[in-house]
Amino acid sequence: MAAPIAVALDAPDVETASRWAAAVAPHVSTLKVGLELYLRYGPAVVEAVRGARETALFLDLKLHDIPATVAGAARSVAGLAPAFLTVHAAGGADMVRAAVEAAPETRIAAVTVLTSLDEAALGAVGMRGPARDAVRRLAVLAVEAGARALVCSPQEAAMVRAEVGPDVTLITPGVRPAGAAQGDQARVATPEAALAAGADLLVIGRPITRAPDPGAAAAALAAELQKTGASPS
């Protein structure tokens, strides 16, 4: 079984993204297309990275606008059949609900607090207190509005799982194999720790895509997770 990893295809062009996708797809469950690549190439990039593969598509657009606009955006990409589409939980319950209703076949994944933000950064934008408090509030709000998936730091995964129960898919960015550079992520954990905390899907980008051989890097990580019992066999 493919490892529960969404490889972030944050490539400079569609050709590179397609090459990475072909290399890693045999080893991981999901391919993630982000905002930059989608804005540059539109739906064509989805078809390019998906090809004839069975790998799930994660469209990470982090929609955040008034409910009607988000509903229209969600409806416009629903035809691409993404398994997941992200919206910001901070957009409010009505906005999350609008996305859910506009794309019923897609799991709307509500982003709680970006993993690039530490408590000082949160305080600067008016979100006082520990990050986990904001994550908890936003997670509950989003699930009550119909979101079937949540995006949170691995450091908050156990707390979120306890709050929302077993049926919501928990997606964790900020995942770094032991020894990998932290980069622009502030709240991180290893893949094994994230899965142990209750994560269902790990978002991993640069440790795989910036490796000399992305396919080999994905295969090695998948094998390590299976060996440690963190990933289903």
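Including glycine, each Cβ sits where the backbone N, Cα and C put it.
The active site, proton donor annotation in Swiss-Prot covers K62. In this view, K62 (active site, proton donor) is surrounded by 16 other Cβ atoms within 10 Å of its Cβ, with every protein chain counted.
Counting Cβ atoms from all protein chains shown, T115 (substrate binding site) has 25 others lying within 10 Å of its own Cβ. The substrate binding site annotation in Swiss-Prot covers D10, K32, 60-69, T115, R176, Q185, 205-206.
Straight-line distance linking the Cα atoms of D10 (substrate binding site) and K62 (active site, proton donor), rounded to a whole number, equals 15 Å. Around the Cβ of D10 (substrate binding site), the number of neighbouring Cβ atoms within 10 Å comes to 19.
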